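Student: Right, I'll just put the structure down here and ask away after.
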Amino acid sequence: MMVLDDTPNEHHPLKTNVQQHAQPPSVSGPRQLRLQRQRGATFVAFVGFGLASWILTNVTYVELGVFLRELPEHYSIYAYSILALESANLYPLLYMLFNAQQQLLSQSTVIWWILVQGVVVAVLMSMLWGQTASIFGARHSVAMLVLTHFGGMVSTTSSVVFYPFVASFPPLFTSALATGEGLSGSLAALLGIVQDPGGELRFSVSVFYLICATIMCVSLVAFTFLQYHPWAQEAKTSDEAVDLGRDLDSDEREAEEDTLLTHSSCGSCPRTASASTVTIPSPTASQYEAVSGAEVLRQVWQLLACQWILAAFSFGWLPSTMPYVYKKFSPTDDAEAATARFQTTASIAALILSPLASASTTWFRLYYVRSMTLVLVILAVSRILELRAATCLINALSLSLPLPLFSCCCCHFHSHPGQR
């Protein structure tokens, strides 16, 4: 609520004085330079913080080629790993169900938890990935699968706690967090290219996961900076102060114009206590039309169904079944190495191109989501059913790339008009 005092002044009888509770800060040259440094450091910290989001999941996809050759499950390791990763999607649901409005655990506590858990999982994976146990008379990679599941827990839960945390900062830093998330896939792909999981390894799986643990430590340090460093706190409030100053200036100009118009149209009106004070009421919740959850679901269920279908193909069916397709057409004397090479190539290419596909939605906003989903699903099914020896590798790689890419950026289409 704002109070406007229109009592005339000796020199400016029509001037309006706005009673402000806070004055916009004047920003000098050195102060402006300091703010830029603070924002730059905070931006870099958010990029490093975002690296923790999906790094554990991405490196697991890259290392599946090595697991295929080294672990007792061989070709089945893809299906087991996908199950271990995707079952971790239960944890975000539990978090939203039992921790509504941070009743049990604060937001920062959950973030500390998943970051420390990510470091521990990466270190343990570097030591225990090759350990097996006998279950029902067969050897299984229990340690790797359990740690993969908890690594997936870190990735999936980060989606529901990182963005609410960055929401308390100016919008610029949301872009920084998203940049870090995209770089997590690019870093995993780069490490995969250097390591060459489909050929002679340049460094071991243990070293690979220790590098991943180092990246998680970088994210942990970045979050410590964002949580406690004065620069991050000042960057958090600097834009708010500037925006407050702009709002107050705008309100003052509008108040002066309103008062001038009032005096012009009623210059001889008597002054009373009620006339000298203008109250600007705040809008109430009753002025907004409530939209029920059922109505929202009715509007978006088709788009959500498209996203579900694409995700099921991209992160479930294709990664689990494509190794058997590669095996069928690989050289008999080196089938596992060839399969690992093909699958690793597809995974690395998808990790590199996925951020580019998501970024492209910034400029290309008119998409036929439903139609494209149908076409891609038909394409995938038809090529799986009609594989021939002469075109197997081309078919397999061509359907392994567009579905994950379109699935990654499909969620960006939901908020844009022109969808059919």
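Even glycines carry a Cβ here, placed using N, Cα and C.
Here's the feature list from TrEMBL:
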COMPBIAS  16-26  compositional bias 'Polar residues'
COMPBIAS  261-274  compositional bias 'Polar residues'
REGION    1-30  region 'Disordered'
REGION    253-274  region 'Disordered'
TRANSMEM  40-57  transmembrane segment
TRANSMEM  77-98  transmembrane segment
TRANSMEM  110-130  transmembrane segment
TRANSMEM  142-165  transmembrane segment
TRANSMEM  172-194  transmembrane segment
TRANSMEM  206-226  transmembrane segment
TRANSMEM  300-318  transmembrane segment
Student: Verify whether three or more Cβ pairs under 8 angstroms connect the transmembrane segment (300-318) with the transmembrane segment (110-130), leaving out any pair fewer than 6 apart in sequence.
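Tutor: By the criterion, they do not touch.
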Student: Which stretch, 40-57, 77-98, 206-226, tops the Cβ pairs under 8 Å count with the transmembrane segment (142-165)?
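Tutor: That would be 77-98.
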Student: Counting only residues 6 or more past its boundaries, what in the same chain has a CB within less than 8 Å of a CB in the transmembrane segment (77-98)?
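Tutor: Distant Cβ neighbours of the transmembrane segment (77-98) are 57, 60, 64, 67-68, 71, 104, 110, 141, 145-146, 148-153, 155-157, 159-161, 315-316, 319-320, 322-323, 343.
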Student: When you scan the chain for residues with a C-beta under 8 Å from the transmembrane segment (206-226), skipping those not six or more beyond its ends, what do you find?
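Tutor: Non-local partners: 41-42, 44-52, 55-56, 59, 63, 111-112, 115-116, 118-119, 122-123, 125-127, 129, 184, 187, 191, 195, 232.
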